[in-house]
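Worksheet: the structure to be examined is printed underneath.
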Amino acid sequence: MADGISSFWGPVTSTIECCEMNYAYSSYIAEFYNTISNVPGILLALIGLVNALRQRFEKRFSILHISNMILAIGSMLYHATLQHVQQQSDETPMVWEILLYMYILYSPDWHYRSTMPTFLFLYGAAFAIVHAYLRFGIGFKVHYVILCLLCIPRMYKYYIHTEDTAAKRIAKWYVATILVGSICWFCDRVFCKTISQWPVNPQGHALWHVFMSFNSYCANTFLMFCRAQQRGWNPKVKYFLGVLPYVKIEKPKTQ
């Protein structure tokens with residue numbers, strides 16, 4: 001929320017502000033809670049990346065975890081500054097990331113191997129160029145939701161073809177986190193005037209970041225399990241510190 005407090009970054013130039021008082025804790029951080037709430041996303045992506053590298057999963061999963069980290073860092077920059085350029089560093093990686101998910105989901109059954117990655121790369125590059133010059137506003141949200149919806153049929157197909165109970169539980173956590181996170185985001189956007197009058201702001205957008213951090217981790221872990229099944233790597237779900245699920249594989253000696 002805009003206010004009259006002076007800041008290091010100057011006037012707000014982003015097209016979106018969340019329901020949090022600007023520069024309440026520091027003249028260097030516009031939205032404090034919305035900034036620090038991206039830390040779980042970075043840590044979870046780092047854990048996933050280490051697991052993918054240690055067990056030599058396909059490079060696509062390492063890139064996916066790295067894209068999660070880039071998105072979280074871009075979001076931190078955006079909410080810390082509320083500048084239009086930093087807003088693009090948040091929104092453009094969101095689209096790139098979902099395009100990467102589309103590749104991982106659909107590529108196993110795609111007969112023309114070079115066609116899909118080429119198209120998705122050109123699409124992502126074109127979007128980045130256009131987005132650098134145009135402020136889409138609601139158009140960006142609609143575009144992003146459409147891309148997300150295109151992933152649902154394949155995610156559901158993987159779910160119904162997975163018999164492992166632990167893997168299915170991860171998929172259910174994926175659905176639960178995105179639903180709860182979306183409710184937090186919606187309330188923060190729609191009921192901000194009412195929330196601002198409460199004694200304590202629940203920081204709905206910050207909660208959205210936290211839930212989506214776990215959502216991305218669950219999605220990545222579930223997809224790693226499904227891909228390992230396709231490759232015959234005998235995947236099993238294990239738990240880091242007894243809480244955080246990850247995929248343990250046993251590759252045949254020939255691989």
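Residue numbers in this text run from 1 along the chain shown.
Just so it is clear, glycine is given a Cβ too, placed from its N, Cα and C backbone atoms.
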(message) Based on Swiss-Prot, name the residue from HIS65, HIS79 that is recorded for the same Zn(2+) site as HIS205, HIS209.
(response) HIS79
(message) Same topological domain name for SER27 and GLN83 in Swiss-Prot, and hence the same side of the membrane?
(response) yes
(request) Within 10 Å of each Cβ, count the other Cβ atoms and name the one among the binding-site residues HIS79, HIS205, HIS209 with the highest count. (result) HIS79
(message) Applying the under-8 angstroms CB criterion, which one of 29-49, 61-81, 92-112, 119-139, 140-160 scores highest with the transmembrane segment (170-192)?
(response) 140-160
(message) Using a Cβ cut-off under 8 Å, which residues of the same chain at least 6 positions beyond either end of the transmembrane segment (92-112) come close to it?
(response) 60-61, 63-64, 67-68, 70-71, 74, 120, 123-124, 127-128, 131, 143-144, 147-148, 150-151, 154-155, 158, 219, 223, 227, 230
(request) Run the contact check on the transmembrane segment (61-81) against the transmembrane segment (140-160): 3 or more C-beta pairs under 8 Å, excluding pairs closer than 6 in sequence. (result) no
